[in-house]
Amino acid sequence: MTRPILNVTGLAKRFGGLVATDNVSIDVRPGEIHALIGPNGAGKTTLISQLLGELPHDAGSIELEGREIGNLSTARRVHLGLARTFQVTCLLPDYTVLDNVAIAIQLRQGHSFRFWGNVRKDNALRKKARGFLRDAGLDDRAEVVTANLSHGEQKQLELAVALATEPRVLLLDEPMAGLGHVESEQMIAMLRGCKERVSMILVEHDMDAVFALADRVSVLVYGRIIATGTVEEIRENAEVRTAYLGEGEDLC
Amino acid sequence: MRTPITTYLSLAVLLVLLVALPTLADLANYPAFTSVATRVLIYGIAAASLNFVLGFGGMVSFGHAAFFGIGGYVVGILYQHYSLGEPLFGVFPGSNQLLVTVPLAVLVSGAMAALIGALSLRTGGVQFIMITLAFAQMLFFLFVSLKTYGGDDGLIIRRANELGGLNLRDRPTMYYLCLTIAVSFLFLLWRIVNSRFGNVLIGLRQSERRMAALGLSAYRYKLAAFVISGMGCGLAGALMANFMRYVSPDMMHWTKSGELMVMVILGGVGTLFGPFIGAGAFIMLESLLAAWTENWQLGLGFILLLLVLYTNGGLQALFSRLFRRDA
């Protein structure tokens, strides 16, 4: 078995009396999509925020490519190769689609204490950003102000921006949420397309997408992982059925 | 997007008008207008500095008068030591040379902004507004109690600073000096706003969370912006001290911070020219309304209310819409 690229062990987080993350261990292997499913309020988004360092964790370790990153700042973790998307899209609304991707590349290129040159006339940067937009199928929307995009396009842009940081591991927080059927299909195709380059943790409620994409699935309930396995194993797991799939039948 | 030729043309026309302003004022038999215009330029620099953090960076500082006042006091204190012939702290001789006092004013206010910013920027939102206000008020009371430098009464600078053979008491000369500095300052701001640094700053205003997820350590960028802004206000203060030949703690009173903010809002938050337009509108309204009633702030309040409610972006936005082109 290949060494995991992201290895989380014994992660814990409590908010007062509420245990949000309870001794969670999860790993992602290179080129793998590891789906994380669970009912609402199970702590999936909280887990992603801890992995990226937006929320500090109380205990446990997070290793990226064998290196402990649990005590590093979000910025350091991103530079080492972590990226996330947001469930409720979090973009720069006044900027154009192209600007949103270009700024991600700019930050990847090092510090921004450069006060003179016009960043919008940096052709190398603009060209690279257009490349990412083309991959996301947004190249004809490049000059549109982001606030004016449809919900589906914003979700696509979220992904394009995250990919523009050239991550090793991508943490996806419900990329299908609110997408129509056709848009979901597109998103699935895109994720499958970049899987070779980027390993992913995929938090998702859309079971069709999970079953289409995931190599392995973990089930999170009340902050605890109750099962990890292949898609088939999870489908057959009795505990998972009662905890999640049973009540979620109408969700799919 | 290319800047349309009409923009360059109207800027050129504006510049010609500004250069001709003292002559036009004399022709119109209203030479005092040159002084009004000088005040507008100086306040414009201060308001544009505030707008740099407030409009572009989304940091609502309510203590920018502190840097304005510090800039003024650097000029005033240096002049006092120069005229009395006593070195400052027993070491530094005073000065009345503009090329010494103004850069020093800019450096000292920048250092002060670094100090205040380093502490204030650890907070955000309402706390940030309050803590910047608190720092400015502390400085205000410090200078009120500093009897060596005039305390409450302030410092009188008997002769304006020297700059080569220029006579800065001469109204048009001072106006042209301020115009040159204001235009250079605006050019500098324009470059910074469109640079990589500006890109990050404007990104932070839109979503700090997004910028963090892209790997940005926001604090040092915000602090750098705050220092640049403080330096700009210090520059304006130093010019004001030379123009009025007087500095007093009033320059750093919280109402002055409020006035700067009103100028920014009047003109247009997050625009390059807005603060200058706002400074112009504020000073015109102040003199017009004050001639009409003692309670001129009431009228100003109503006008500000109308602008905020109906122009959707201040006077600059209003003008752009009137002339049907993009700001």
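Including glycine, each Cβ sits where the backbone N, Cα and C put it.
Where the annotation comes from TrEMBL, it is an automatic prediction and has not been curated.
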Problem set entry | Range among B:5-22, B:41-58 that TrEMBL annotates as transmembrane segment | B:41-58
Problem set entry | the transmembrane segment (B:41-58) and the transmembrane segment (B:128-146) contact flag, 3+ Cβ pairs under 8 angstroms | no
Exercise. What stretch of B:102-121, B:260-285, B:297-319 shows the most Cβ pairs under 8 Å to the transmembrane segment (B:219-240)?
Worked result: B:102-121
For this session: Six or more residues out from either end of the transmembrane segment (B:128-146), which same-chain residues have a Cβ under 8 Å from its Cβ atoms?
Result: 59-66, 69-70, 73, 112, 116, 119-121, 152, 249, 252-254, 257
